[in-house]
Amino acid sequence: MALKKVLTIAGSDTSAGAGMQADLKTFQELDVYGMVALTSIVTMDKETWSHDVTPIDMNIFEKQLETAISIGPNAIKTGMLGTQDIIKRAGDVFVESGADYFVVDPVMVCKGEDEVLNPGNTEAMIQYLLPKATVVTPNLFEAGQLSGLGKLTSIEDMKKAAQVIYDKGTPHVIIKGGKALDQDKSYDLYYDGQQFYQLTTDMFQQSYNHGAGCTFAAATTAYLANGKSPKEAIIAAKAFVASAIKNGWKMNDFVGPVDHGAYNRIEQINVEVTEV
């Protein structure tokens with residue numbers, strides 16, 4: 001049987017823990033055929049590990065999209081988009097491609113960085129991506145920006161933000177709480193317009209978790225492409241990334257990536273799902 005084809009529109013992380021590299025590793029683990037339209041290249045200073053983001057020329061970006069659309073993706077995922085023009089184009093491409101699913105990972109900062117890459121991108125995401133997305137996967141910071149509610153510090157805050165984001169047009173909202181809400185458990189909140197669900201796993205090591213957000217969104221996309229419902233895909237992706245985080249490893253003195261192969265090679269983590 002032919003593999004489902006999945007396109008990631010994302011940046012390249014030269015350290016290969018996040019970005020399109022994380023997406024392709026995840027796609028391979030979950031039996032979908034991954035394609036890439038590159039938006040930018042992220043490099044790191046070898047002394048400080050500060051990030052430098054170099055955008056891809058728009059003409060080259062368009063040629064990548066033409067190639068990918070001609071192949072015919074079943075699902076599309078976005079990661080670091082970088083500019084408002086690329087954000088708008090990503091939304092248009094989903095419609096043009098005829099893909100069944102559109103997963104938006106609303107990347108706003110690089111791991112370890114504090115400043116939003118481009119403040120104007122938030123409004124562009126709200127206008128061009130959220131109304132078309134099947135699933136949106138913000139972390140607490142990104143959910144606070146997309147909802148306009150600012151800092152989120154509790155499950156109740158997450159519920160309010162999820163409702164606001166849902167009202168902007170995305171039928172499935174999953175907010176990643178991660179380590180911010182509790183030291184012993186990892187809590188995410190999923191909302192489908194009808195019911196809120198809390199997804200819980202044990203809290204694993206957090207020193208080596210580079211690429212966790214990209215991996216979660218990529219896994220969600222792969223599971224959707226292979227036939228799971230949005231709720232099933234999100235729960236399965238939570239289990240996949242939990243295994244990857246638990247088995248993260250030290251790359252150098254600055255960073256350590258998650259282990260994208262841990263779910264298939266080492267262990268599968270149980271996810272507790274409760275209505276809240």
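Each Cβ is built from the backbone N, Cα and C atoms, and glycine gets one as well.
Of the residues proposed, Lys88, Lys238, Lys246, Lys250, the one Swiss-Prot records at the same ATP site as Asn139, Lys176, Gly177, Gly178, Lys179, Ala180, Asp188, Gly213 is Lys238.
Looking at Lys179, Lys238, the binding-site residues in this record, the fewest other C-beta atoms within 10 angstroms of the C-beta turn up around Lys179. Long-range C-beta contacts of Glu142 (Mg(2+) binding site), restricted to its own chain and to partners at least six residues apart, with a cutoff below 8 Å, comprise Pro106, Val107, Met108.
In the three-state DSSP scheme, Lys179 (ATP binding site) is classed as coil.
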